[in-house]
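What TrEMBL annotates here:
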{"type": "TRANSMEM", "residues": "21-42", "note": "transmembrane segment"}
{"type": "DOMAIN", "residues": "25-158", "note": "domain 'EamA'"}
{"type": "TRANSMEM", "residues": "54-73", "note": "transmembrane segment"}
{"type": "TRANSMEM", "residues": "85-106", "note": "transmembrane segment"}
{"type": "TRANSMEM", "residues": "112-133", "note": "transmembrane segment"}
{"type": "TRANSMEM", "residues": "145-162", "note": "transmembrane segment"}
{"type": "TRANSMEM", "residues": "168-191", "note": "transmembrane segment"}
{"type": "DOMAIN", "residues": "169-304", "note": "domain 'EamA'"}
{"type": "TRANSMEM", "residues": "203-220", "note": "transmembrane segment"}
{"type": "TRANSMEM", "residues": "232-253", "note": "transmembrane segment"}
{"type": "TRANSMEM", "residues": "265-282", "note": "transmembrane segment"}
{"type": "TRANSMEM", "residues": "288-309", "note": "transmembrane segment"}
Amino acid sequence: MTTLSFDASGVVRRFVVALAVRYRACLLFVATAVVMGCGYVAIRVGTETVPPAFLAAVRFDLSAAILLSYAVTRGRWYPQARADVAAILLLGGLVFAGTIGFLFVGQQYTTASTAAIVMSLGPVLTALVASALVPEECLSRTDALGVGLGLVGAVVLVYPSPGGIDGGMGVVFVLCAVVCSSLGTVLLSLLETTLSTPALTGWGALLGGLVLHLVSVGLAEPVGTVRWQPGAVVAVLYLAVVVSVGGYVAYLLLLAEVGPARSSLTSYASPVVATVVGWSILGEVVTAVTLLGFFVTTAGFVATNWSLIDGRSR
């Protein structure tokens, strides 16, 4: 008599793998948004005792060490072509150091809310740059609607802050951060490198950390008097390992999967995550206006990423 066996765990495992493959892009989007959103809370905790530019530099130092150590064991870890060097310069100089450096300098002259409003222009500028430089990234009406809704939602989320968008020097610096992020993201998507994703991210983090150390020196941050409280240590480890390693690797994979225009929509979803986590962990108040921003931002995400949600490629 033959006994039939049923491997329930194997069936579940194959089912999960099948779902992950089918909805790979959507899962990468969610992972990137959650990791980056929680990073805002970590930054707030860390910068209570550590200067911001120095904190960012240390984060990139640690993440570079982790990523490059891993990349050495996997192969394809060192630059072999001009495209590799160009990708490292773009990722480390523009996407990492350029964005963070200009943002921190800009916030010396303007409010955080104003900087957030200006930074929310990133997906709009990315979509426009991508449509000009990447033929297959032409915006459809649905994409344009989604980008517009996302921008409105981002503005609503920071509406309660005083000041608004000024025409001062701070805004100019933050706009430079937006340009660095958007242009770097689009140009990076045009390059085909021999480097693995961890290696590229590691080299970019190494360069970004070096540049940010120079920024820290230029800003005369009191690095010698830094007090590494437990909260700051946890924050920098989260930023170095989870955000700089997991988050950026997930973002680069998403960039390769769906292109720069829609991958940049993570900057709309991340503030939603940051607000929820900030409310639950730090006790930050969630107002009716914030909830309205959630709905509008979510609508923008759904419109622009509809083909990802229903599992079809565009």
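Using the three backbone atoms N, Cα and C, a Cβ is placed for every residue, glycine included.
Curation plays no part in TrEMBL annotations; they are all automatic predictions.
Keep in mind that this is a model prediction, so the values were computed, not measured.
The average pLDDT computed over the domain 'EamA' (169-304) stands at 83. Within the chain carrying the transmembrane segment (21-42), a Cβ under 8 angstroms from the stretch's Cβ atoms is held by residues 234-236, 238-239, 242-243, 246-247, 250-251, 253-254, 257-258, 263, 265-266, 269-274, 276-278, 281-282, 305, 308-309, 311, all 6 or more beyond its ends.
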